[in-house]
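Participant: Here Swiss-Prot flags 466-473, 512-516, 566-569 as GTP binding site. Annotation source Swiss-Prot lists compositional bias 'Polar residues' at 27-37. The annotation domain 'tr-type G' is assigned in Swiss-Prot to 457-626. Marked as region 'Disordered' by Swiss-Prot: 1-374. Per Swiss-Prot, region 'G1' is recorded for 466-473, and the stated evidence type is similarity to another entry. Annotation source Swiss-Prot lists region 'G2' at 491-495, citing similarity to another entry. The region 'G3' annotation in Swiss-Prot covers 512-515 and is backed by similarity to another entry. Look at Swiss-Prot and you will find 566-569 tagged as region 'G4'.
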């Protein structure tokens, strides 16, 4: 089928008509118009074509309208004529390239399908002239009005994309073909390997079956020899008969699993179907068919068949049982025979329960053997549990309990026994005993010997000591070029600060100690951990009590002293007075003929600081300070606190060895793994050598200031030492409380006699040293009547648990340089618990002293008024006995306290109820006058008794 288009306008020649020139764009055709009654008429129709085009497609010229579409069969005949006209028609009829100027010379039919417009061809079929005339052929001479059938850019792009996609698909198909070939080769290799494995397994199975058949044949021969001869003859006669009903030569309905039957099995006599079937199950390792199994209802039928054979005169065949074949290790675990299990390479493996039972059986057999007793050296502490003793002896705790039961003691593995009982048990079981004390766990941690060849010089540790406000911290600030005083509350140091400075390329470690009287323990710790002590004395204040105390601490620690006479810039400074005052305390400076170095400095104006540092280096050079940096670290805890963000933080001074992150150390009763090391400038360091102060993070708890620490080998050792020290601390606390209170009877008597009152407190501070100083200061405030009772103290902020404890013990909460969190504040407000914050120890001690003074009972003071002698005693109705007296000394006041003295013995003390002169009540009666007196609730008065009158005053006391 060809479409008629006007792409090429040519002249057409009709042999029946004259030669005419067709108008461009107009096509004439003749059609037959039908009328009624079969009449027709030829009508000339002119078709004028219009060309419509859109921006995204090429303009096309519509074909002439036709009354009916052309037949499909006419397309192949008209194709040669219309091939040059339409590219789409040419592509539809043959896979030849269209005569267009396109980059691709060839294109398959599928990619060019979107270019053709079949709906145009269907709507505009080729016009057929009447009488079988063909359409006019194009005239190449006339080109007027012609429209070239060129491809638009979008169609060219579509064809180009189709070609590229076809090429991509071709590459992908080629790659898939290569992969498929590779996979097919691997599959063939795998199948060949499987066939080889199957053949090998089949050969092994055949060999095994042959061996089993041979063993079975030998067993049958032995059984046949043991059977009597008549039965054998009857059996041979019976072999001629066919097999009984229900016996099948082979299992037709059961799969054989691909196992070949053993060929060439030796037979006795003629072939016997029944024995073959009976032997098939043991050979193949699977149960017999249901038809061959003896069921409960089949025994009578078998007996009937045997009786029928006997009646017919034929000897009954005796039942021959197959010999029992002992299964091997593989057959025991084979189980049911199936196709899956038969085709698999390996049989069923032993289960975990079977393996466990086998191991337990082996262990029991080993335990039944008599083993040689091993004698061990058992280390026994002061107390030990039965379980721990059994582990150390490598014995069962059950055996120890049985032994104790024989001795009449019922005990459990967790019970604790003493060292003597443990020694008896160990010796009874044949072990030797080594008795140790609990304190032995600490042996060796501080006794590590230094390697003399590895000793190197270390920086000196210098402690700055002196009286409060003599300028210790200011001097250290001037040396460090920092300002620490402004950070201390009240301008006084309440912590131990450790720093390092560099002078002439050499490091010096400084420890600043508080000078307040409450911080005696801190100064003592600072003196013990130092090499050199700098005694700071103000030139305008001379020697003070804490100065003397610092001198005593330094002498007790055996460290040399360097005197720094500070504040020489003041007008009232008198350094010579300081030197003279030091002579009274056996401190002889060089200017006075001694060996103690003294330097006049001014921390405020930074005068002579270099001389002071040079004196320190000179003294350190004389001491020849050395340490081994390669050994495990040891040192002392200078300060400890509980930081909210970092946990327990301990400021330590390394004295020996080098400390690294990850080391396990014990500090007092606490232990932990070092998570980080922070120097005095807040920088994280990888290691801390000798004489270096650092902060340690990672301890399980907050140690006490002054505790020694040491690095141990493992966590078990550290935990053991820490538990021992905690237990020791608890025992000391109990002993201290029991010593202070005594027995219950003594405590009750003391309360009744003295009436000691307690002021409960919960103290929370920023560092452990401050808490220790506060506790010691409050202990000194106590008297026989009142004392401060520290319910709880610790480093860290105030929490809800502290408030709950204070509420239970009716205590007040004191926070020193710490604050309570919001939950604790809300809880304290609800429960009415008072929380007081302090940052200066002076104010804290003064307030606690005032509060404790309020608990003191007021002082009772008596003032003598006068004496009166009883002259006569009168009995008055409704009043009682009234004494008629004369005032002999002083005066007597109404409502005053009186004592009745008889024979110089006080027999009554009370109050005066009435005082009358004649019949009038009077306030007082002076000396020399007579009066009448009556006592409250007392009538035993006699003539001649003396009445002593006095006034009682209650005066409040203070501590």
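Every residue gets a Cβ built from N, Cα and C, even glycine.
A quick note: this is a predicted structure, and the numbers were derived from the prediction, not measured.
Describe each of these features in terms of where it is and what it packs against.
Facilitator: Here the compositional bias 'Polar residues' (27-37) is broken down by DSSP into helix, strand and coil counts: 2 helix, 8 strand, 1 coil.
For the region 'G1' (466-473), the model's average pLDDT works out to 80.
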Participant: Using DSSP with the three-state reduction, classify residue 466 (GTP binding site) as helix, strand or coil.
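Facilitator: Once the DSSP labels are grouped into three classes, residue 466 (GTP binding site) ends up as strand.
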Participant: CB neighbours of residue 472 (GTP binding site) within 10 A?
Facilitator: 28
Participant: List the residues of the same chain that sit at least 6 positions away from residue 568 (GTP binding site) in sequence and have their Cβ under 8 Å from its Cβ, in sequence order, or write 'none'.
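Facilitator: Expected: 539, 575, 600, 601, 602, 607.
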Participant: Under DSSP, the region 'G4' (566-569) has how many residues in helix, strand and coil?
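Facilitator: Within the region 'G4' (566-569) the tally stands at 0 helix, 1 strand, 3 coil.
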Participant: When you tally the Cβ atoms that lie within 10 Å of each candidate's Cβ, which of the binding-site residues (466, 469) has the highest tally?
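Facilitator: Top count of Cβ atoms within 10 Å goes to 466.
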